[in-house]
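Features as listed in TrEMBL:
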type: ACT_SITE; residues: LYS38; note: active site, proton donor
type: BINDING; residues: LYS2, LYS26, SER280; note: substrate binding site
type: BINDING; residues: THR121, ASN152; note: NAD(+) binding site
type: SITE; residues: ASP78; note: site 'Important for catalysis'
Amino acid sequence: MKGGIRYHNEVDPDEVNALAQLMTWKTAVAAVPYGGAKGGIGCSPGELSRSELERLTRVFTQKIHDLIGTHTDVPAPDMGTNAQTMAWMLDEYSKFHGHSPAVVTGKPIDLGGSLGRDAATGRGVMYATEALLAEYGKCISGSTFVIQGFGNVGSWAARLIHEKGGKIIAIGDVTGSIRNTAGIDIPALVKHRNEGHAMKDFDGAEVLDSTELLVHDCDVLVPCALGGVLNKDNAPDVKAKFVIEAANHPTDPEADEILAKKGVVVLPDIYANSGGVVVSYFEWVQNIQGFMWDEEKVNDELEKYMSSAFQHMKAMCKSLDCDLRMGAFTLGVNRVARATLLRGWEA
């Protein structure tokens, strides 16, 4: 099993179960050999000191050390957790089971983490966008982009799209939204944000009302932040031709129907943001082999997986005459169903 550990004040069993099920389909679509899992602690990590977070993580690991394992359940970081959290989990687990680097992924490089893991979800978003645009005879270079969210996924997606010649004309996060129709200088913005300055104080762009960000005129809209940001209220005003779901479920079902009627193409989250779990799989493979790859190999392999999953998803859409979300879910459910039948588990 594979899935993230989430530290957030709204963690509850229903959410964890739903996210674990989503991971089952996501790993199946990506064709990595895992079932879905998820875990979490209901807490506010921003209000805890470093030593409190460490004690919390270690006690949690003591309680679940016999449930996780290299070939049973491999946690990874999620909301409110990071490479340091994984390092503590690894260390605590290893007290019971001996040094086992493959028990968690998303670790620091020095403890067996994979090169390219930090940028993996954002890079996967970029590869997914390339694959989708190619279907319509377009490419990243020459297209205009609006990005919501500038955390790990949003900042890496922005950087990589910018490197590919994409013009990012508006971007926003919790500290404000900005726009520059000539294209925002992303490396300068990354530096600005890393220095702790608010998005709205960036020199190279004008301030934009955050409510206008998602309905701003552009070719490609990339929500990289929270779920449910596209809803029945703003979906009718979306001007983008493509929506790339880098966040988890950013489009609610009502918005999905509205966008479909408008002819907006939505690339579903279960495919678009699967770069993270694919490179987590590569990290696990490297740990098991005791042989680490260079970053170029990680990125090349990620591109192969994203490209292959896209082709399989498109083939499913063609044979069922359905949209990309239905195609992705059908692909995932079919793969799990086939494996279930082959094992003789039919009801």
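Here the Cβ of each residue, glycine as well, is placed from N, Cα and C on the backbone.
Nearest in space to SER280 (substrate binding site), taking C-alpha to C-alpha distance over the recorded positions LYS38, ASP78, THR121, ASN152, is THR121. Other Cβ atoms within 10 Å of the Cβ of THR121 (NAD(+) binding site), summed over all protein chains shown, number 24. LYS2 (substrate binding site) counts 24 other C-beta atoms within 10 Å of its own C-beta, drawing on all protein chains shown.
Binding-site extent for substrate: residues LYS2, LYS26, SER280, maximum pairwise Cα distance 13 Å (rounded to the nearest whole number). The two recorded residues LYS26 (substrate binding site) and LYS38 (active site, proton donor) have their Cα atoms spaced 13 Å from each other. Across the structure, ASP78 (site 'Important for catalysis') and the residue listed as 'active site, proton donor' are spaced 9 Å apart at their Cα atoms.
Cβ atoms within 8 Å of the centroid of the Cβ atoms of LYS2, LYS26, SER280 (the substrate site) belong to the same-chain residues GLY3, MET23, THR27, ALA30, VAL32, TYR34, GLY36, ALA76, SER274, GLY276, VAL277, VAL278, TYR281, site residues excluded.
Checking the binding-site residues (LYS2, THR121, ASN152) against LYS38 (active site, proton donor) with a 10 Å Cα-Cα cut-off leaves LYS2. Looking only at the binding-site residues ASN152, SER280, the densest Cβ neighbourhood within 10 Å occurs at SER280. The recorded positions listed here are LYS26, LYS38; among them, LYS26 has the most other Cβ atoms within 10 Å of its own Cβ.
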